[in-house]
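Some features that TrEMBL has for this protein:
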DOMAIN    142-244  domain 'CAAX prenyl protease 2/Lysostaphin resistance protein A-like'
TRANSMEM  12-33  transmembrane segment
TRANSMEM  39-57  transmembrane segment
TRANSMEM  77-97  transmembrane segment
TRANSMEM  131-155  transmembrane segment
TRANSMEM  175-196  transmembrane segment
TRANSMEM  202-224  transmembrane segment
TRANSMEM  231-253  transmembrane segment
TRANSMEM  265-280  transmembrane segment
Amino acid sequence: MNKLKQLSNKGWQFVALTVVLSAIPYFFIISGGDTGSSWTLLLMWMPGLAAIILRLVHKEGLFSNLVWNPLKGWKWILLAAFIPFTIEILTIVLSVLTGVAQLQEGFITIENGQVALKGMAMLLGASGQPWYIFIPNFILSYFVGMLLYSLFIAFGEELGWRGYLQKEWASNNSLFGFLMIGVIWGWWHLPGILLGHNYPDYPVLGGIVLMPMVTILFSIAFGVAFNKQRVIWVPVIFHGAVNISAEISNVGLVEETMNRPLNDVIWTGLWVVATLVVWVKRR
């Protein structure tokens, strides 16, 4: 209880305002029963809008306590781009090797030294090409897609959760602050998850327990990386990379053959390891 009292009122104001603003897109998402609608994109900007409003109300300045030059955080930006990507690839490999999931037939084919990918768009095409073209093509395509998603979608969330709430509750890497941010952030997703997003096989468990567990991990990993130099692009890229890299599994794995609980355990376990490493490197 004493720790809760240490959380600033501005932080609670942000939480309340985010919930109120989010009710608008959530109304249309729930009414339509579609988490893939354009209202979901608007929803992801509600934390950022709440942060902007509170910065104006409290006369804090729209850009105060944030570093906007990406060059100052380029090392962490690169890590943020490729940690989720690496975790996703490892999850696919481990899931396939252990029989937890199966690859889509023809997802990746190798014939006569030519590599082709099925179901994914790449900048230089996804048809047969040599390894020395395929690998940079795949990585570049991922990076461009992740960058666009980060700038136009993930930025809205991170401007709020990291750019404002973390400033109030975990600017000094407070583990309790990260925990609270993670729980609230996770439950903010609850209406969408109950509609079948993220955890379609167990939406109640996923929305109430599993999603907050994941967002606590993200809150720590994104938050520690952000606190290094307060470069806002670090958590923005982290967030975008998580969501874009997830599409590799969505396309590459056969959903009907997937043991989703075990697949989630593998993915979450890898994130636990990554988060522990980032936490150890916090100083």
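Backbone N, Cα and C atoms are what each Cβ position is placed from, and that goes for glycine too.
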Between the transmembrane segment (77-97) and the transmembrane segment (39-57), do 3 or more CB pairs sit under 8 angstroms, pairs being 6 or more residues apart?
no
If you count every Cβ pair below 8 Å, which range out of 77-97, 175-196, 265-280 shares the most with the transmembrane segment (131-155)?
77-97
Between the stretches 12-33, 77-97, 231-253, which one has more Cβ pairs under 8 Å with the transmembrane segment (265-280) than any other?
77-97
Find the member of 12-33, 77-97, 202-224, 231-253 that has more C-beta pairs under 8 Å to the transmembrane segment (175-196) than any other listed stretch.
202-224
Checking distant contacts: for the transmembrane segment (231-253), what same-chain residues at least six beyond its ends satisfy Cβ-Cβ under 8 A?
66-70, 72-73, 76-77, 80-85, 87-89, 91-92, 95-96, 101-104, 107-108, 119-120, 142, 145-147, 149-151, 153-155, 157-159, 161-163, 218, 221-223, 225, 263
Take every residue in the domain 'CAAX prenyl protease 2/Lysostaphin resistance protein A-like' (142-244), average their pLDDT values, and give the whole-number result.
97
